[in-house]
Amino acid sequence: MERTFVMVKPDGVQRGLVGEIIARLERKGLKLVALKMVRVSEELARRHYAAHEGKPFFPGLIRFITSAPVVAMVWEGREAVAVVRNLLGPTDGAKAAPGTIRGDLANDIGFNLVHGSDSVESARREIDLWFRQDELLDWENHREAWLYDRG
Ligand code: GTP
Ligand code: MG
């Protein structure tokens, strides 16, 4: 089953939205396989957002991500990467449609509450960057029998 990396950003932690964000992913049927709260170092922030190095918003982005704790998670499910990106909505909360996490709860392009990997390849890279192998739990979620029609 596909895995994706999700992070509740400092604004989500500060605004008390960790539970709400986790609840939405759980209700969709995704399976939580790793979770930890992290005070992000400058080095980890730079490695996570390496693709954006050199862009005008990069210094502010690094300042933001290191400014308060985040909640780092790995979620698993069928097409988990795309499913999470759809639940998040587009980057700018002010433009995101209602019904999405950002559309319902965020109002800014930078302070957009939550990160989700943008491809299976990014997910692999980010999971490796944020978690040790023994922090990823393999467990059977009995709910899945009623979630996916396996014929
Ligand atoms: P992530 O899930 O956080 O990666 O968001 P995304 O994939 O929707 O956006 P992208 O990877 O393009 O940008 C990464 C993060 O940089 C965004 O989530 C924003 O927090 C920030 N960001 C992107 N573009 C801008 C911008 O134009 N201005 C500002 N201030 N921040 C931006
Ligand atoms: Mg991104």
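Keep in mind that glycine also has a Cβ here, set from the backbone N, Cα and C atoms.
If you look up TrEMBL, you'll see 1-138 marked as domain 'Nucleoside diphosphate kinase-like'. The ATP binding site annotation in TrEMBL covers K9, F57, R85, T91, R102, N112. The active site, pros-phosphohistidine intermediate annotation in TrEMBL covers H115.
Here the recorded positions are K9, H115; the one with the fewest Cβ atoms within 10 Å of its Cβ is H115.
Around N112 (ATP binding site), the same-chain residues six or more apart in sequence whose CB sits under 8 Å from its CB are K9, D11, T91, D92, G93, R102, A106, listed in sequence order. Pairwise Cα distances among K9, F57, R85, T91, R102, N112, the recorded ATP-binding residues, top out at 21 Å.
Between the CA atoms of F57 (ATP binding site) and the residue listed as 'active site, pros-phosphohistidine intermediate' there is a gap of 16 Å, rounded to the nearest whole number. In the structure shown, the C-beta of R102 has more C-beta neighbours within 10 angstroms than that of any other entry among the binding-site residues R85, R102. For the recorded site, H115 (active site, pros-phosphohistidine intermediate), the DSSP three-state label reads strand. For the domain 'Nucleoside diphosphate kinase-like' (1-138), the number of residues in each DSSP class (helix H, G, I; strand E, B; coil) is 62 helix, 28 strand, 48 coil.
The two recorded residues the residue listed as 'active site, pros-phosphohistidine intermediate' and R85 (ATP binding site) have their Cα atoms spaced 9 Å from each other.
Close to ligand 1, meaning a Cβ under 6 Å from one of its atoms, are these of the binding-site residues F57, R85, R102: F57. Taking the Cβ of T91 (ATP binding site) as centre and 10 Å as the limit, one finds 13 other Cβ atoms among all the protein chains shown.
For the domain 'Nucleoside diphosphate kinase-like' (1-138), the model's pLDDT averages out at 98.
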